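What follows is one structure encoded as structure tokens, with my remarks underneath.
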């Protein structure tokens, strides 16, 4: 049933909807602008890597995650009012609706659940991206990977359970108030805070990931001061750290705004100040998930492409070096097989007399930068 009303008493709510709509449009414009701004890089670093000379190649997992996050954001950002926004409509509508009125709508309910579960799904994918970055930064440590998996799964499962419980018995419906179309949701008032608290498990994971990333960056920057390849490797660490810091700051801002929604004075108000508060949260959420999220992958690929481009100037020299180093005997008697696609930094390590164990440390970086393709294989 669609609720239709021209009651002047609901005009403050209509004004609230109209102002909030401007923020929704602004967030959608931000996502589209960022997509247009980076589409050239995306085509070169994502799509062009997936298709080479008309022959389809298997897409890497990171490529799939990037495409999902980016295009879910484009499809979802123009209709992404937070779930608390729709609950707020119901809080004020139920004061004006006759008690015998019944609101059930299959399409509205489906629309509600899409909006409620999208942040959970997208943040889970971003968590996998973050976990992969940290795994590479810690030299592919199995112990670190196990630790990250345990914490990530615990936070994701907790957030998913909270989202599921918080939306039990929820139904959505369309309303037309003085000509303005909107969806509202009927939800148990005892569970609305649970929807707002779903960010807590994710926040614990993000704080841990940020701390681990910053610690390893500081540690390796200090160690690389004496390394013959210190400038290149340090730049690599700084690229990862910079994108991670920007993403974490955006997530911290969203978490602070979500924390404010736990206050009944905000969730039950339709004042201009609370409208602006919800609008800023809307923009911050979209920027965190759908703008800075994809850049976690794009920034690394862009840096890797610059490294490969800079090495093209010395193609003839490196080709000779690769031929000479195709089979290099290691100290333990094993053979190291170098493909012609190996990064120049590894060859430089061997030319400068850096031992195999030190060169092996950079392997994890370039395996990740090359998106899972094994650049160097050890027998």
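Keep in mind that glycine also has a Cβ here, set from the backbone N, Cα and C atoms.
Curation plays no part in TrEMBL annotations; they are all automatic predictions.
Of the candidate ranges 143-165, 166-188, TrEMBL annotates residues 143-165 with the feature transmembrane segment. Looking only at the domain 'DUF6533' (22-75), the predicted model's pLDDT averages out at 82.
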